[in-house]
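Sequence annotations record features per position, and here TrEMBL assigns domain 'Thymidylate kinase-like' to 9-197. Among the features that TrEMBL reports, ATP binding site is placed at GLY11, ILE12, GLU13, GLY14, SER15, GLY16, LYS17, THR18.
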Amino acid sequence: MAKGIFITFEGIEGSGKTTQGKLLFESLKKQGYDVVYTYEPGDTEAGKHIRELLLNSEIKITPLCELLLYFADRAQHIEEKIKPYLEVGFTVICDRFTDSTIVYQGYARGISIDLIQNLNRELFNDFMPDLTVLLDCPVEIGLGRNRKINKKDKFEIENFSFHEKVRNGYLELAKRSQERFFVLDATEPTEIVAEKIYKKVISIIESL
Ligand SMILES: Nc1ncnc2c1ncn2[C@@H]1O[C@H](COP(=O)(O)OP(=O)(O)O)[C@@H](O)[C@H]1O
Ligand SMILES: [Mg+2]
């Protein structure tokens, strides 16, 4: 059986990752494709506990502890969920993945990007998505959307310049890996963005 495609959604808080990931999941399912939706951090039994440590703003952890918890969550997630589905030919849609670690812990928190990439290589053999949808939008728009729904985890309470570093970090990664990234203007209406993503994904599936 052919291996499935691994698609990740990336972008700042409020850029529309969860909205678009779920819409893509629904559209593919409706067309009869085998597809699964998952997210980081926390979409395994062990991961739920790790997510609480990572996102609860009452629990203080150091940047290095944070980095290693993301890797711990991902180790469990890849083995328990992502790889088993890819191996039986499912399309796997994942809300955030390694690029998030590179931009949040690397570009924004200041941990060495080489260290993060070396860990990724040693631990996961550079396991990366086939396609990464980057939903790009100005920080004030993304944060403004989330403010409306009063979402306040450890990252949402970070300051403007932190999120600017995240946004710029993503754009830098996209420039470096143009073959993997599909960058979209996330300020466009939801349906327009969804249509572009769907067309892109179908063109990849049909080219296999
Ligand atoms: N293209 C869009 N235009 C306007 N609002 C949007 C758009 N995409 C998402 N939203 C809204 O913005 C908020 C954050 O979206 P969400 O998908 O949760 O973002 P993320 O998962 O990237 O944090 C939600 O209330 C969502 O309905
Ligand atoms: Mg989300």
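Note that Cβ sites are derived from N, Cα and C of the backbone, with glycine treated the same way.
TrEMBL annotations: computationally assigned, not manually curated.
Within 8 Å of the centroid defined by the CB atoms of GLY11, ILE12, GLU13, GLY14, SER15, GLY16, LYS17, THR18, the record's ATP site, lie the Cβ atoms of LEU135, CYS137, GLY142, ARG145, ASN146, ALA186, excluding the listed residues themselves. According to its DSSP assignment, LYS17 (ATP binding site) is helical.
Looking at SER15, THR18, the binding-site residues in this record, the fewest other C-beta atoms within 10 angstroms of the C-beta turn up around THR18. Averaged over the domain 'Thymidylate kinase-like' (9-197), the predicted model has a pLDDT of 96. GLU13 (ATP binding site) counts 18 other C-beta atoms within 10 Å of its own C-beta, drawing on all protein chains shown. Close contacts with ligand 1, defined as a Cβ under 6 Å from any of its atoms, occur at SER15, GLY16, LYS17, THR18 among the binding-site residues ILE12, SER15, GLY16, LYS17, THR18. Around GLY14 (ATP binding site), the same-chain residues six or more apart in sequence whose CB sits under 8 Å from its CB are CYS137, ILE141, GLY142, LEU143, GLY144, ARG145, ASN146, listed in sequence order. Following the DSSP three-state reduction, the secondary structure of GLY11 (ATP binding site) is strand. Taking a Cβ cut-off of under 6 Å from any atom of ligand 2, the binding-site residues GLY11, GLU13, SER15, LYS17 reduce to LYS17. Taking Cβ-Cβ distances under 8 Å and a sequence gap of 6 or more within the same chain, the neighbours of GLY11 (ATP binding site) are LYS17, LEU134, LEU135, ASP136, CYS137, GLY142, TYR170, ALA186.
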